[in-house]
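Visitor: The structure is given below, and queries will be raised subsequently.
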Amino acid sequence: MSTPEPVLAGPGILLVLDGWGSADAADDNALSLARTPVLDELVAQHPSTLAEASGEAVGLLPGTVGNSEIGHMVIGAGRPLPYDSLLVQQAIDSGALRSHPRLDAVLNEVAATSGALHLIGLCSDGQIHAHVEHLSELLAAAATHQVERVFIHAITDGRDVADHTGEAYLTRVAELAAAAGTGQIATVIGRGYAMDKAGDLDLTERAVALVADGRGSPADSAHSAVHSSERGDEWVPASVLTEAGDARVADGDAVLWFNFRSDRIQQFADRLHEHLTASGRTVNMVSLAQYDTRTAIPALVKRADASGGLADELQEAGLRSVRIAETEKFEHVTYYINGRDATVRDGEEHVRITGEGKADYVAHPHMNLDRVTDAVVEAAGRVDVDLVIANLANIDVVGHTGNLAATVTACEATDAAVDQILQAARNSGRWVVAVGDHGNAERMTKQAPDGSVRPYGGHTTNPVPLVIVPNRTDTPAPTLPGTATLADVAPTILHLLGHKPGPAMTGRPLL
């Protein structure tokens, strides 16, 4: 007589707890400090394992922290995907970037016309959106082509790296320019303005006016610009370095965006292009990696193919899914988990939970979690829905503030939400797969370059919990492998839905 399956093939819920990493209890571990009886029991009482969510396991450079974009992409693809940062580094190492025909043409043209090259991007080594060392290759290429006027429009971080480190990173930018023999920092502005992605054009326009028209507070050095901020590196006000002279983007100049990730720079890129066009300035614009801008901006490095993932398999099988998240993570359960495809496929329903006004995550760590939870519970009760995919954003989004107390509250709110979702799953006979997409809240401090320990709101290289809650309790619970990666999630989901993994997937079902 055969042993009954511990999980019956049928409808389920994929629950991504953003920023849910695993680490030993510590004074800066918000997850261990928080009262989270549901999450604790989830891991202790149900089949669980730890999944690698950073570095080579997900298509990043070794030792690189995970992030929400690559996390959701790999969850959806069922295989590691070479991420843009890795592809850029490979292009640098092979010499392909330096010899790229488009880069060659842009630099030749601007050199021949005595125009200026404007390099715009985030200056840190957080490796989430950019890496300051990529400037070395771009500056060297400009020097080789004898481009005499190279202006760096520096965006300070304070989010993917420890706050109050902007001065050190701008010092590194100056060192790279000196080593290349060309380039100088012309403007400085915080990422809170230059990298808004929520459609707050009032913020973006400050960055546009700074770069295009030189409108900002005068500063005698990059360091003094950083010191002028009362809100840390993320909110350094628009600053024009007087020593750089006139560094406005002029007709015939070239602009090279060196962020490798699109989502937080594309709003700036689109608005700058529109502003320059409206003012009669023709500018040759190119990006280091591929952007999803309205404006067609040629890229030096193309992104990896992510087809053949979970979305394709669900559509081919005729299965219906509902995707639910609030605005901050909506693209992750739609665009990114679908392989950076914005198409709403047959059988997909997208539910975006929007907030009101500008978010203060420290003051409101619950965000819109109650409404997200209600939407998940409602979708779980529908008989026409095979798979609910939801992202609970609080642990990560509030964790990014670096505020330990607020992040503890966010963890506890998430715990209560998971309790409601698990109850809805039991009521509707659904299995649940709960997984983090990367670490964050389990480490809330970091040693700064000067040796001090400072609040840290960035991601980590820690593995993430992966838990399967079966849809039946009358059989022994299965045991999961001791190791896993995010690439195993999609094959496991398809197995639980009664389907085989797609041929493009290299991950394996964990049951």
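Each residue's number is its place along the chain shown, starting with 1.
Here the Cβ of each residue, glycine as well, is placed from N, Cα and C on the backbone.
Positions annotated as Mn(2+) 2 binding site by Swiss-Prot: ASP18, SER68, ASP437, HIS438. Taken from Swiss-Prot, the feature active site, phosphoserine intermediate covers SER68, and the record attributes it to sequence analysis. Per Swiss-Prot, the feature substrate binding site maps to HIS129, ARG159, ASP160, ARG191, LYS197, ARG261, SER262, ASP263, ARG264, LYS329. Under the heading Mn(2+) 1 binding site, Swiss-Prot lists ASP396, HIS400, HIS459. Swiss-Prot lists 442-464 with the feature region 'Disordered'.
On this model, are these features tucked inside or out on the surface, and what's nearby?
Guide: The DSSP secondary structure for SER68 (Mn(2+) 2 binding site) is helix.
Spatially close to SER68 (Mn(2+) 2 binding site) yet at least six residues away along the chain are ASP18, LYS329, HIS332, TYR336, ASP396, ASP437, HIS438, judged by Cβ distances under 8 angstroms.
According to DSSP, SER262 (substrate binding site) sits in a coil region rather than a helix or strand.
A simple way to gauge crowding: the CB of HIS400 (Mn(2+) 1 binding site) has 21 other CB atoms within 10 angstroms, across all the protein chains here.
Within the chain carrying the region 'Disordered' (442-464), a Cβ under 8 angstroms from the stretch's Cβ atoms is held by residues 19-23, 26, 28-32, 50-55, 63-67, 126, 128, 159-165, 168, 399-404, 407, 435-436, 486, all 6 or more beyond its ends.
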Visitor: Take the mean position of the Cβ atoms of ASP18, SER68, ASP437, HIS438, the recorded Mn(2+) 2 site. Which other residues of that chain put their Cβ within 8 Å of it?
Guide: VAL16, GLY19, ALA53, GLY66, ASN67, GLY71, HIS72, HIS332, ASP396, GLY436, ASN440, HIS459
Visitor: Can you tell me the three-state DSSP label for HIS438 (Mn(2+) 2 binding site)?
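Guide: Once the DSSP labels are grouped into three classes, HIS438 (Mn(2+) 2 binding site) ends up as coil.
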Visitor: So, in DSSP terms, is ASP18 (Mn(2+) 2 binding site) helix, strand, or coil?
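Guide: SS state of ASP18 (Mn(2+) 2 binding site) = coil.
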Visitor: An 8 Å radius from the center of the ASP396, HIS400, HIS459 Cβ atoms defines the neighbourhood of the Mn(2+) 1 site; name the other residues of that chain inside it, in order.
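Guide: My list of surrounding residues reads ASP18, GLY19, ASN67, SER68, VAL397, GLY399, HIS438, ASN440, ALA441, GLY457, GLY458.
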Visitor: Rank aside, I only need the closest one: which of the binding-site residues HIS129, ASP160, LYS197, SER262, ARG264 has its C-alpha nearest to that of HIS459 (Mn(2+) 1 binding site)?
Guide: ASP160
Visitor: Just the number: how many Å between the Cα atoms of ASP160 (substrate binding site) and HIS400 (Mn(2+) 1 binding site)?
Guide: 8
